[in-house]
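Undergrad: A single structure is presented below for examination.
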Amino acid sequence: MNVSENATLLYEETQNIANKSLLDDNTTYCDLVTFSVSYRSVHGYLSILVCVFGSIANILNICVLSRREMRSPTNAILTGLAVADLLVMLEYIPFSCHVYFDPNARYTASYFSYGWAIFMAFHALFAQVCHFISICLTVVLAIWRYIIISSSQSNREWCNAYRTKVTIILTYLLCPLVCLPLFVSLKITEQVKSVSELGRIIQQNELPTYAGEKHNATLYVLDYGHFKEISFWVYGVVIKLVPCILLTILSQRIISALLETKRRRRNLLGQNAMNLKLTAEVNVPKTLRHNKEQQTDRTTRMLLAVLFLFLITEFPQAILGLLSVSIGSKFERQCYNPLGDLMDILALTNSAINFILYCAMSRQFRTAFQEAFRPKFLNRWTFNAQPSPEIVVTETQVSHV
């Protein structure tokens, strides 16, 4: 998630962001103020819609992938991924309601209460940690899949259930430690502002002409401390850029291994067709082996789709975060912050869309989903359409999703 947008911005900074860009110097990296203000008006409703759908979808993912017939190392990783995505979305809902649903609330002192400042700090850390867990599990998923399709002889040893479970647990334990610089850099500061009798904050330039009753109020603002640059390096490089580079390399390796496997398979089938006279007895295991190979290819293509969607949503954030650290605060203010809401909705969409991918690209997931949630009284109408027990057993043994 976008780190800068997670912190409560200063009231006067949000009001004068365009003026600051003009007063600093003549350099202009981006002119996104109009876009940011326009999109912000719909981001709250859109994010709630995505989070509600994504929460339901990830709950369904967990229910289906944890069924006994679906248990496998790959599905265990996907289950851990669904849990992390679910936590991100459940926590984002109250954040979105507080920040976006009432635009006028940002002009009141109650918006900057100490309780909400604590929540914003929790949101900034919790959302980032859970999202980083999701990122790391996606990398683990790519590594596991590459081992499975490239080392058919040793993949059961390297990618067994025990190693997978330990890897998932370590990911959940170590990711918060990597995000520790973000925790250190955030601090709650106090600001005294003049407030009207209705609780509305009076801007500094309005004070000389303000004739109504006013009083001073303490506002609690979540801001970056002395470790802002370090936290941005951790966010832009360690949390975003490095996983994206790893996933790009792994995706290329997986595609190459998949193409090489298909080439060897075609050559082998060609030799068998020329040298062997197939009998009915030989044809049955060959058909089952062919079904296994097709299922493996479908699973690999589905996981590649998951990886590509991740790269599409995360790579721009990695580049923008790195440029914000390299160029300076002016680029961050002009380009990174105005795109914060857009980057958030892309990350939320990526976390919510996996259920659709599984349903569209995995026959075994669809079958398990129907068995788990289809009303029992419908079985008598669909009984004759069920596949034979032998085919179901075979698919369960070879399929990972």
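Placed from the backbone N, Cα and C atoms, the Cβ positions cover glycine too.
So TrEMBL has the following annotated:
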DOMAIN    57-358  domain 'G-protein coupled receptors family 1 profile'
TRANSMEM  42-64  transmembrane segment
TRANSMEM  76-95  transmembrane segment
TRANSMEM  115-148  transmembrane segment
TRANSMEM  169-188  transmembrane segment
TRANSMEM  232-255  transmembrane segment
TRANSMEM  302-325  transmembrane segment
TRANSMEM  345-361  transmembrane segment
Undergrad: Under 8 angstroms, Cβ to Cβ: which one of 42-64, 76-95, 115-148, 169-188, 302-325 has the largest number of such pairs with the transmembrane segment (345-361)?
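TA: Highest pair count goes to 42-64.
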Undergrad: Which whole-number mean pLDDT does the model give the domain 'G-protein coupled receptors family 1 profile' (57-358)?
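TA: When the pLDDT values over the domain 'G-protein coupled receptors family 1 profile' (57-358) are averaged, the result is 84.
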Undergrad: Same chain only, please: residues at least 6 beyond the ends of the transmembrane segment (42-64) with a C-beta under 8 Å from a C-beta of the stretch. Say none if there are none.
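TA: For the transmembrane segment (42-64), the list is 70, 78-79, 82-83, 85-86, 89-90, 92-93, 96-97, 99-101, 341-342, 344-345, 348-349, 351-356, 358, 365, 368-369, 372-373.
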